[in-house]
Amino acid sequence: PADIVAIIEALPPQHRVEAFHTLPTDIAADVIVELADEPLDTILTHIDPNEISGLARKMSSYHAADIIAGLPPEDRAEVLSALPLEESSKVKELLKFPENSAGGIMDTKFTSIFKGMTVTKAVDLLRESAPEPDELYYVYVVDSDSKPTGYVTLPDLLLASPEQSIESISREFPDVVRLEDDQEKVASVINKYDLLGVPVVDDLGIMKGVVRIDDAIDVMEEEATEDILRMGGADATESVFTPTGRSVAKRLPWLYINLVTAILAAGIVGLFTKTISAVVTIVVFMPVVANMGGNAGTQTLAVTIRGLALGELTLRNTWSFVLKEAAVGVLKGLAVGFVTAAIAFLWDGNIVLGLVIGLSLVINLFVGSLVGVMIPVTLRRMKLDPALASGVFVTTITDAVGFFSILGLATVFLRYLK
């Protein structure tokens, strides 16, 4: 299916539906759940609800819920009514949860056994139920209240004595997740403890489903993509398949915000017209100072957002990380400032000009490193995505500070620069 997905996504929109209709239902069901948002929307708008319900019967409840959630309300109701009652009930239950929550991405189909069973009875039960291969990553162990107490693997069952109890060979889960937990937390738990799956429980601790490692990988890819797009001020839902008009509409708001902040930075330059006219050479190095500060800020920003996403940067160590990045900014500023100051001296023959440019670089790289930490951390404290256009704000601030520092220092030392 992965190869078919790539072929369909590469086709022009008008040919995607034609290609999709050539697929057998079983393969079409596997393909449609893997399509990117734009190609998926194109296909869903050109096939009728009965065909969608036929596809939904061939896929797991949570995949069916993902597809049905993207339909208009009237089509959604028609598709649900065409499904078998048991399947329809499962899908409706999944649709109650937010799309990006543990409940929204869990699979309600999993294999569980009672902890008081013997190994022989457990193996007999597995043979009778004939679960799908992906349901056997872990066999979940539950108590009499259907609360997860651990898990066993197939090798555990094969190597254990037939009369051993399941409880005696089961392994404890280091953590479980709740229905309302964010999908990023779910992926983090699976990644942190190297799990193949994690139980999803309700408020009473009763097991309702499972999130497996393949879904966690999808979540991590999705979250990383969102962070990259938002750092650049692009919409998190945009992809290479997004139509031109929609791409423009999604990107323009941040560009307008950037335009306003860029005008403010340009206004700082306007305050120093006399200095610029007196020392024209300073103009040559203004973009250098602004650009280096922006690059330093972006480096820190990338490390900070990664730390927040992986849970490495917490309330406990934020202050020490800020101090460390500030020190890194100063040291980078000294290193880059020394080289640039030497170039400026060789360029103009004025050692004071080199000093002004070197100091302005130290200041701007320090500020860039500082805001590269503070902006995403502040956004996280405000319960917002820390990657939300952080790159736009960092470069704007470093442009403004860079221009102000180089022109401000040039004004202070103006009589030595003429």
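A Cβ is built for glycine as well, from the same backbone N, Cα and C atoms used for every other residue.
TrEMBL: automatically predicted annotations, no manual curation.
Marked as domain 'CBS' by TrEMBL: 106-168. As a summary of secondary structure, the domain 'CBS' (106-168) carries 24 helix, 15 strand, 24 coil according to DSSP.
Taken from TrEMBL, the feature transmembrane segment covers 254-272 (among others).
Here TrEMBL flags 278-305 (among others) as transmembrane segment.
Residues or ranges marked as transmembrane segment in TrEMBL: 326-347 (among others). Here the transmembrane segment (326-347) has Cβ contacts under 8 Å with residues 281, 284-285, 288, 292, 296, 300, 353-355, 357-370 of the same chain, all six or more residues outside its ends.
Under the heading transmembrane segment, TrEMBL lists 353-375 (among others).
Residues or ranges marked as transmembrane segment in TrEMBL: 387-414 (among others).
Residues 227, 231, 269, 313, 321, 325, 328-329, 332-333, 336, 340, 344, 347-348, 353, 356-357, 360-361, 364-365, 367-369, 371-373, 375-377, 386-387, 390-391, 394-395, 397-399, 401-403, 405-407, 410, 414, 417-418 of the same chain lie 6+ residues outside the transmembrane segment (278-305) yet bring a C-beta within less than 8 angstroms of a C-beta in it. Nonlocal intrachain contacts for the transmembrane segment (353-375), taken as residues 6+ away from its ends with a CB within less than 8 angstroms of a stretch CB, comprise 279, 281-282, 285, 288-290, 292-301, 303-304, 321-322, 325-326, 328-330, 332-334, 336-338, 340-345, 386, 390, 393-394, 397-398, 401-402, 405-406, 409-410, 413, 417. When pLDDT values are averaged over the domain 'CBS' (106-168), the model yields 92.
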